[in-house]
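Marked as transmembrane segment by Swiss-Prot on the basis of similarity to another entry: 33-53, 77-98, 113-133, 178-198, 226-246, 288-308, 320-340, 347-367. Under the heading heme b b562 binding site, Swiss-Prot lists His83, His182. Annotated heme b b566 binding site per Swiss-Prot: His97, His196, in sequence order, evidence recorded as similarity to another entry. Look at Swiss-Prot and you will find His201 tagged as ubiquinone binding site, backed by similarity to another entry.
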Amino acid sequence: MANLRKTHPLLKIANDALVDLPTPSNISAWWNFGSLLGLCLISQILTGLFLAMHYTSDISTAFSSVAHICRDVNYGWLIRNLHANGASFFFICLYLHIARGLYYGSYLYMETWNIGVVLFLLVMMTAFVGYVLPWGQMSFWGATVITNLLSAVPYVGNSLVQWIWGGFSVDNATLTRFFAFHFLFPFVVAGATMLHLLFLHETGSNNPVGLNSDADKIPFHPYFSYKDLLGFIIMLTALTMLALFYPNLLGDPDNFTPANPMVTPPHIKPEWYFLFAYAILRSIPNKLGGVLALLSSILVLMVVPILHTSKQRGLTFRPASQLLFWILVADMLVLTWIGGMPVEHPYIIIGQVASVLYFSLFLVLNPLVGWLENKVMNW
């Protein structure tokens, strides 16, 4: 029986990924977020499945069906709160996972990193179409504003928007297809995650010092399986606390009002995890320019490995680059704050400065400082 996991065609795959996987002995808690993201995905698929059993994707009943889930379905309120707040935890883990990759130079595993960026985009798309489903005011107007951005595409823009809407405005056809997409995408994400892991296990994990750790590897189980379990407990406890005590803390009050195409909410803004990208979008006065900046804010991650100039992999022994990293973190927080603010002075100029700094850090300052550090160390 002990060797069945090493010989059985299916168990062998799981064994090589979760049990006998050679893992660097010095990876810190920052390496927990990959498995936490897996847990988030499973949790979201399960809670989402139970919600889909009671939800109706029709504009006349969608809002009522969500109310029905919360009032009449056994533990429906809990499932809904876990699902809505689970999305927030998903993005918290995502941002920390990406930050870890940027800090320790994990992006030099190019295939793993690029699939990771694609995964990030897929999760963002999933969250966006999911936010439309309750059919509240912010759902409707968020869908209208964000889908309208496609009209900035030259020549085919307007046709593209109407094609996505399934008509001349966000309507029943839009809601129905968004529900279909929201059901489908998590499984696409799960598939892409398998690829992400496949490429990661070709090279093995990076580690905090950024050196080859082949000489000092330990089995994943029991060491890191138990370490991950601690992370699971902490995250599930935090999620449960949020869902039970402050379920609406991160939501928008406007979404408790049923969608009304005749009334525009005073401030249209996405969920908190998209605010940084929304701030970058708004900081450019031109529509097409804003859309390109929005896309670039995510796709800039793909050029990070190409612009890596340092002879060292991570930032562990590079104080100047560490400073830039923490400036980037602060800049993201400023952009998140600005994204939730009205478009007026002084928020406009703060957003524009923060957006310029965001791209400068990735495209100019980091490569430059990496090169300078090489010079200082006589490499």
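Every residue number used here counts from 1 along the chain in the order it is shown.
Using the three backbone atoms N, Cα and C, a Cβ is placed for every residue, glycine included.
Annotated features taken from Swiss-Prot, shown on the structure.
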residue	record	DSSP class
His83	heme b b562 binding site	helix
His97	heme b b566 binding site	helix
His182	heme b b562 binding site	helix
His196	heme b b566 binding site	helix
His201	ubiquinone binding site	helix
Interface check, the transmembrane segment (226-246) with the transmembrane segment (113-133), three or more C-beta pairs under 8 A: no
Shortest C-alpha distance to His97 (heme b b566 binding site) - which of the binding-site residues His83, His182, His201: His201
Same chain, 6+ residues apart, C-beta under 8 Å of the C-beta of His196 (heme b b566 binding site), given in sequence order: Thr112, Ile115, Gly116, Leu119
Local Cβ density at His201 (ubiquinone binding site) - other Cβ atoms counted within 10 Å: 14
Same-chain residues at least 6 apart in sequence whose Cβ lies under 8 Å from His182 (heme b b562 binding site): Gly48, Thr126, Val129, Gly130, Leu133
Surrounding CB atoms that lie within 10 Å of the CB of His97 (heme b b566 binding site), all protein chains: 20
Protein Cβ atoms within 10 Å of His83 (heme b b562 binding site), excluding its own: 21
Spatial separation of His83 (heme b b562 binding site) from the residue listed as 'ubiquinone binding site' - C-alpha basis, Å: 30
